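A short write-up of the structure that comes next.
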Amino acid sequence: MEDKKNQMKKSSSLSLPSPENGSYDEEKQSCGSDSPSKTSRRKPGGWRAMPYVLGNETFERLASVGLLANFMQFLLTVFHMDQVSASNVLNIWSGVTNFIPLLGAFISDAYIGRFWTIAFASVFEMLGMLTLTFIPWLPQLHPTPCNPQVGQQCKGPNKSQLGFLVMGLGFLSIGSGGIRPCSIPFGVDQFDSTTDEGRKGIASFFNWYYTSFTVVLIIALTLVVYIQDSASWVIGFGIPTVLMFLSLILFFIGTRVYVYVKPEESIFSSIVQVFVAMHKKRKLKLPDERESNGVFYDPPLPKGSIVKKLPLTNKYRSLNKAAMVMEGEINTDGTPTNTWRLCSIQQIEEVKCLLKIIPVWATGIICFTAMAQQGTFTVSQALKMDRHLGPKFQIPAGTLSVISMITIGIWLPIYDRLIVPSIRKITRIEGGITLLQRIGIGMIFSILSMVVAGQIEKVRRNSAIMHGSADGIAPITVLWLAPQLILMGFAEAFNIIGQIEFYNKEFPENMSSVANSLFSCTVAGASYLSSFLVNILHNTTGGHGHPDWLTKDINQGRVENYYYLIAGLGVLNLFWFIYVARRYQYKTRLEVDDGIKSYSEVHELQDMKY
């Protein structure tokens, strides 16, 4: 590997990277992925690239989060939507935004590579932010201002105003679709995972990535949201737009020091090929294990590849038919005559990795549905509570979710430096507990958060009704919402980080784009589920002179019942998760024995339980 690295020449061109100017890695890898760690690569990369990679990511996150952190209030107060319509807009947009990364990963892997995918996506993100900044700036792009507290009738957006809003959100979705699946893998690309130094660099990169993300969220949810709420929506949207422009500039400044991995055939094509080949050979009979020698197509991995060879297993055994060699299906050079009729064992086992993870992935949807309420109905609650700190300062409603971020920021160092080492001595597991246990603990916290949220909402609504003020605001401090947000912070610290690490470790190396897209699909599924529940409850609850649970006037509704419903679904989901987790077989595990770390591959014969 090192010899191959030394043979590569540094690009001296000032032009942006392309396969022609030699900035890309030369050697193709199996199963078609521009995965970071499998090929010889040119220097420098490493930490020299991190100021640009993390700087771009930090500015981009600060821009996008700062723009959308307070968007629920923007839709309620500037676009005059009711809370159900505003929630639907956010949930549908979030769902689309989090499914598009699958397409972004495909384009990146198969056609243009991660660098250009991030570059083009950043341009679309910039266009989206400009579009949304124009909406509060130009009067014709938003409804006429009104004051319902003095009896004015508020008109909602017309078709052209709503269309302009959808266009801006669409640009943001396209931008996120390219940035999200590629930002983490592109950062990992900068390190050589075949060396101890490279592996340590990757581990540090993950820590720095999430740390910078948490800091960005805190800034966006405090300073930027305060400007939007107290000064001007134009300035509050304009600042993130300028930051996104700086992100784009910083990303291109680093072109001379990046490591680029050449795009190849997408892993998605390989996945489809396995199912097509299996269908074409569905009538074949699989041989006994004693008679399987030479029956299955098992070519060696390309020279220089460090993608770990996966052995044939009996899990999802019918897929093995796709690798059964029939007469005339292999060329003289050992390649298949038709890749849609014959797949390798490696391809089949990669698909099996995806299939066995899907049940675990599905359990994350309901858990994240609970977390998603921080940006919708929690904001509606906050708007009807006393948000004053002192006689003059008022807490913006969209800022409250920073409590969750602060909880994460305080808890993670304590957990990583104090709790994990203590538990590790008992369990001899590198992370103290397994990743699935960590995910499960997060689910428990999300359920508790919804139960507490329901109790607090009952207190808030009763207080508002008893006080009977014209604006409907309850005379209790908005900090009553802190307990539910603290619990949700613990849920995120355990569940979200656990999911991200689980997907990245359990997928083969050349499926890193799929791994990072899968979490986005969890968020998308949660957004659609939330929208589905909101619309069902809005249309079916109430009646006989009583408003529905999620009626426009939150003081007349029963939002606490919605929270309890999510908690109940969470309990059922937890039982299903435990069932799935106890039967899951880890691909890898890292154990600690007398202070010495030992790494072992875990396949069908070696099971590490939940």
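Cβ atoms are placed via backbone N, Cα and C, with glycine included.
Those TrEMBL annotations? Automatic predictions, nothing curated.
Here is what TrEMBL records for this protein:
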REGION    1-44  region 'Disordered'
COMPBIAS  9-19  compositional bias 'Low complexity'
TRANSMEM  62-80  transmembrane segment
TRANSMEM  92-112  transmembrane segment
TRANSMEM  119-138  transmembrane segment
TRANSMEM  162-179  transmembrane segment
TRANSMEM  208-227  transmembrane segment
TRANSMEM  233-253  transmembrane segment
TRANSMEM  354-373  transmembrane segment
TRANSMEM  393-414  transmembrane segment
TRANSMEM  435-456  transmembrane segment
TRANSMEM  476-497  transmembrane segment
TRANSMEM  518-537  transmembrane segment
TRANSMEM  562-581  transmembrane segment
Touch test for the transmembrane segment (162-179) and the transmembrane segment (62-80), at least 3 Cβ pairs under 8 Å: yes
Top Cβ-contact partner of the transmembrane segment (393-414) among 62-80, 92-112, 119-138, 435-456 (pairs under 8 Å): 62-80
Contact check, the transmembrane segment (119-138) vs the transmembrane segment (562-581), 3+ Cβ pairs under 8 Å, seq sep 6+: no
Among 92-112, 208-227, 354-373, 435-456, 518-537, stretch most in contact with the transmembrane segment (562-581) (C-beta, under 8 angstroms): 435-456
Intrachain residues whose Cβ lies under 8 Å of the transmembrane segment (518-537), provided they are six or more past its termini: 84, 87-88, 90-92, 94-99, 101-102, 180-181, 357, 361-362, 364-369, 371-373, 376, 496, 499-500, 503, 548-550, 561-562, 565-566
Leading contact stretch, 62-80, 92-112, 435-456 vs the transmembrane segment (233-253) - CB distance under 8 Å: 62-80
Dominant neighbour of the transmembrane segment (62-80) in 92-112, 208-227, 354-373, by Cβ pairs under 8 Å: 208-227
Recorded stretch that, among 92-112, 208-227, 435-456, has the most CB pairs under 8 Å to the transmembrane segment (354-373): 435-456
Distal contacts, the transmembrane segment (92-112) - CB-CB under 8 A, six or more residues away: 32-34, 120-121, 169, 172-174, 176-182, 263-269, 372, 513-514, 516-517, 520-525, 527-528, 531
Beyond the flanks of the transmembrane segment (435-456) by at least 6 residues, Cβ under 8 Å: 360, 363-364, 367, 370-371, 373, 378, 381, 480-481, 483-485, 487-488, 490-499, 501-502, 505, 560-561, 563-564, 566-567, 570-571, 573-574, 577-578, 581, 584, 610
